[in-house]
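Beneath this line is the structure, given in structure tokens, with notes to follow.
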Amino acid sequence: MTIKDWYKLTFLIESDSEEIIIWKLNELGIFSFSFEYLIKNKNKKEVNIWLPVADWSESSRFGVEKIITKLLNINAPTNQFFDWSIIKEEDWLTSWKKYWAPELVGNHFLILPCWINLNEKFKDKKIIKIDPGAAFGTGSHPSTYLCLEKMDNILFSDKKILDIGSGSGILSVAARLLGAKEVCAVDNDYLAINATKSNFQLNFGNLNNLNTYLGSFNEVILKNQLKQFDFVLCNILAEVIKEMIPNIYKCLRNNGEVIFSGILNSQKDEIIKILIQNDLKLLDVSTRKDWACISAQKASDPT
């Protein structure tokens, strides 16, 4: 295995800027990052971002600085705001783990990084064991919270589930824990498909009840004729969701439901409008900080 070096980018933000930073990093395809409270100043957080040296040229790193500076309206010189360092692969493989801890979501879920032992006080929870590796987080993004909270109140027993943009596979695992008989996971990143399989195996000891598809959702739907799902889970960016809604409608059973997350509050009205235009009935909207989760239903065909 080739040993890689990693850039570590560190800077400080106001605590209430965390969500917009997460959104922008996800949009840029950057998933290896953490946020830490400062002991001496609870209104500030330290952001740490890890980027593989081989993939990030000087101009690319400057581009990230420029985007973040504009996003946060920073006037200070970049060399005073951003701190870059290089860490070795072997240090990276252990150092990033210290930023993750077990997290309770909803009434029943506990997200448990696989290297942490389960505390006995949580043994009655539905445990989602996750090994995020270097590419994916452990589910701490507010949009993931919202989706899991919504799922926590739904009966998935014997249902057929489609997870669009599966990422680490956390929603696929949750659906199976809630009793889903079949989970289909779709992602256009082979790392995500591998992570979904790995985390499914980690939780259930096998890949039974899981089917994975590599490619964009619209392409996969047409090629594999995926349809007749009871529930669709879609935790991705709003701009991508808008393009998928017509095909999501087609792959739902009558009375099937879809849960959309990854939507900023400022975008939810537009998404709701498109849902209604595509004959999907709005069921519920929930919010967490700057993010929204929308659930909708495909009505039965008229008889």
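Including glycine, each Cβ sits where the backbone N, Cα and C put it.
Feature annotations, reproduced from Swiss-Prot:
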type: BINDING; residues: Thr144, Gly165, Asp187, Asn235; note: S-adenosyl-L-methionine binding site
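All features noted in Swiss-Prot, drawn onto the structure.
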{"residue": "Thr144", "record": "S-adenosyl-L-methionine binding site", "DSSP class": "helix"}
{"residue": "Gly165", "record": "S-adenosyl-L-methionine binding site", "DSSP class": "coil"}
{"residue": "Asp187", "record": "S-adenosyl-L-methionine binding site", "DSSP class": "strand"}
{"residue": "Asn235", "record": "S-adenosyl-L-methionine binding site", "DSSP class": "strand"}
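Around the Cβ of Asn235 (S-adenosyl-L-methionine binding site), 25 further Cβ atoms fall within 10 Å across all displayed protein chains. A 10 Å cutoff on Cβ-Cβ distances gives Gly165 (S-adenosyl-L-methionine binding site) a total of 23 other Cβ atoms nearby, all chains included. When every Cα pair among Thr144, Gly165, Asp187, Asn235 is compared, the largest distance found for this S-adenosyl-L-methionine site is 16 Å.
In sequence order, Asp163, Ile164, Ser166, Gly167, Leu171, Leu233, Cys234, Ile236, Gly262 are the same-chain residues whose CB sits within 8 A of the CB centroid of Thr144, Gly165, Asp187, Asn235, the residues recorded for S-adenosyl-L-methionine being left out.
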